[in-house]
Amino acid sequence: MLTQLKTYPKLLKHYEEIKEAHMRDWFSKDKERASRYFVQLESLSLDYSKNRLNDTTLKLLFELANDCSLKEKIEAMFKGEKINTTEKRAVLHTALRSLNDTEILLDNMEVLKSVRSVLKRMRAFSDSVRSGKRLGYTNQVITDIVNIGIGGSDLGALMVCTALKRYGHPRLKMHFVSNVDGTQILDVLEKINPASTLFIVASKTFSTQETLTNALTARKWFVERSGDEKHIAKHFVAVSTNKEAVQQFGIDEHNMFEFWDFVGGRYSLWSAIGLSIMIYLGKKNFNALLKGAYLMDEHFRNAPFESNLPVLMGLIGVWYINFFQSKSHLIAPYDQYLRHFPKFIQQLDMESNGKRISKKGETIPYDTCPVVWGDMGINAQHAFFQLLHQGTHLIPIDFIASLDKKPNAKGHHEILFSNVLAQAQAFMKGKSYEEALGELLFKGLDKDEAKDLAHHRVFFGNRPSNILLLEKISPSNIGALVALYEHKVFVQGVIWDINSFDQWGVELGKELAVPILQELEGHKSNAYFDSSTKHLIELYKNYNQ
């Protein structure tokens, strides 16, 4: 456990020594701070100079990582050891994008051979849709792709297709359906033509309640309009491992793309779950996405901790969570194409590390994953940045931006990028009472009024942030960015001694929903309901009589 590691008391002592130190003083005294706390991996860079740390902090954090045998645990993941201990599974999402030819054997399966076989089928299918060779039941080309999934079968593909819209096929419109409330699927069905739509049903077991409910609604709608169930074969494909259920649905087994237990849902966009990505972007751009992630994998595996991007981000996060007692972390992308990135990272981070039981089954006496949240940075400045600047919470921020200007939007990117730098500087530097008072007096305010108002215009500063810069929003850079966060999450899971690759927390609610659904559908259940739940069930039934 973290609190039992030999470096932990050293970090506690160091925290007491520097907790009141202000970053603006460090910048003032150290002219090389920005260049020393800056790491670049090809066209992705991290400026971590605006953090409440110094060389001693980093040295101790690296010692902490060594206490946990982080290097050895990184290797264990890449080699296919069953580090997902509660489910007795390997964790090999890295194999999905590996360019290495050294085979990984897992329970007598050749992992890379299996992965590349599925990728080959995905490429052939993608080419047939994009080229117009794959036609619908009336011989129309496919114009709309509807991805039906939830969680990891939805968020990754949605985020990547949105982020890389400039690389998408101009004929294809992408639609993503995850919510079971009925509104989302019906809204999509109103917009599309059954004769030119391809549905991708993404569910490993092909039994996920939300996904199957939406898929069956889409199936019914399609059959009513096409007039024959046999046409399903041309318009529905599955990403699943349950061949029997897929065939019962009406999907040709040749249109089923498999993935494996060694790939968790939130790590699966690189697998057949990314079929919608490949169709939209094409195999060349999908390969670039994989290559960017592989580049980050190799960096994570081989770079020394001092210049290792995921290690640095992971350890800095631990520094705030477990020593400054920070409870929250903000993701602030300054690019409209990255608008879904915060909620993708929400799932990746909180479903992985939102746990309180150690690998040995013991209750952990320290905080683990913070609440991860975020929004488009420029919009957030006019919404919740007030709390970040002058509120009572310490909330570290990841600013994410690109250097590349958007075509046909002269002056826009300069305004956007100036705000990234200004906000990061403001969070670091702040504004003192004396500075605020001087500004007000310079504007001609009465001295007594200025003294009162100046208190409200103070910015304490010392708010930490990272700045992640991409040269441009490209497939390879998005691949590297996602892999960076995947590995950051892994680093923190190792430090906290938790299993980052199960998600038992999603199970209880699903179990309890079964008897409640029986009651709502008019059937009697033998389950016990607390008085509140029972009252709300009756309220629903009475309203819908």
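For all residues, glycine too, the Cβ spot is worked out from N, Cα and C.
According to Swiss-Prot, the features are:
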ACT_SITE  Glu351  active site, proton donor
ACT_SITE  His382  active site
ACT_SITE  Lys510  active site
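Where Swiss-Prot records a feature, it is marked here on the structure.
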residue: Glu351; record: active site, proton donor; DSSP class: helix
residue: His382; record: active site; DSSP class: coil
residue: Lys510; record: active site; DSSP class: helix
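With the fewest other C-beta atoms within 10 Å around its C-beta, His382 stands out among the active-site residues His382, Lys510. In sequence order, Gly151, Arg266, Gln503, Gly505, Val506 are the residues of the chain that are 6 or more apart from Glu351 (active site, proton donor) and have a CB within less than 8 Å of its CB. Lys510 (active site) sits 37 Å from His382 (active site), taking the CA atoms of both as reference points.
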